[in-house]
Amino acid sequence: MASSLGLVMLFLSCAIFQAFLVSSSNNGGFFPDLYQFSCPQANEIIMSVLEEAIAKDPRMSASLLRLHFHDCFVQGCDASVLLDNSSAFKSEKEAGPNKNSLRGFEVIDQIKAKLEQVCPHTVSCADILALAARDSVVLSGGPYWEVPLGRRDSKRAYFNKANVNIPAPNSTIQTLISLFNRQGLNEKDLVALSGAHTIGVARCVSFRQRLYNQKGNHLPDATLEKTYYNELKSICPTSGGDNNITPLDIASPNRFDSSYFKLLLLGKGLLNSDEVLLTGKVKRTKQLVKIYAENEAIFFHQFSKSMVKMGNISPLTELKGEIRKNCRRVN
């Protein structure tokens, strides 16, 4: 009797597991528990590497979040941004928005190496980027969200697309809306995802125009709050100091919160692409800045939704992509 019961239980367990796999394939293979059986330690490994990296360098959380964003906006979330130069293609790391700017590649390498030791050829680099972005936000005090998993890694990089698809720091509101729409993202996503600038820094070269020649008339951007403007001038001279950095959110540069939006209302948004969310004469983005400034919970909720949406931009499936052994090279 006991052995019969054991056989029944074994049969049911196998049936449940098989149903689990069938449901996942019907769902396009993208679901949060993808590695529950194949690599149950994945989340723990990623989080432990991130905790150590961010403790050493608090800026790293913003860098990893940005890495995922710059990956997804170029041919989808396929880890193409991680590929080094090869004889077959030029690396996206060399593109204008990324050169001397993107960081965090060594942290991704460290995560990948540890995962390959425990569960080889299982967790894709694209999924690592998505999970590292989520966990970096959580470790900075921001919201948690379930990350759908199952992305495959691309077999090439897209240097030219990296030069045109990633919004520039001096973008107008119309350009921002257009570039986000191209990725299937709307104005609500634009404002919420811009809120990622509540952590991290920007280089002088990315905001110098606002200080000295905003409209080609050798005058500063009139929307900049005066004291903040004078502080920025001391960091960013008219020439030289291109790599001098300052926080995107001067109120709480290492904490993921809603202070970014409160600063926009005070004329203390660092980049032109930040401030135009409020001053760009688009009613919806202006409304959303005010809503997120007043209610952090609403911002967190929408940011989580928009991150899932962005993470689902044109992912590669099993037939079109691969699981790289080394995130910097195709297999």
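Using N, Cα and C of the backbone, Cβ positions are placed for all residues, glycine too.
Curation does not apply to TrEMBL; its annotations are automatic.
Per TrEMBL, CYS77 makes its disulfide bond with CYS72 among CYS39, CYS72. Among CYS119, CYS125, CYS204, the cysteine that TrEMBL records as disulfide-bonded to CYS327 is CYS125. The two recorded residues SER80 (Ca(2+) 1 binding site) and PRO167 (substrate binding site) have their Cα atoms spaced 18 Å from each other. Here VAL74 (Ca(2+) 1 binding site) is positioned 27 angstrom away from ASP257 (Ca(2+) 2 binding site), judged by their C-alpha atoms. If you measure from the Cα atom of GLU92 (Ca(2+) 1 binding site) to that of PRO167 (substrate binding site), you get 15 Å. Taking the Cα of ASP249 (Ca(2+) 2 binding site) as the reference point, the closest of the binding-site residues VAL74, GLY76, PRO167 is PRO167.
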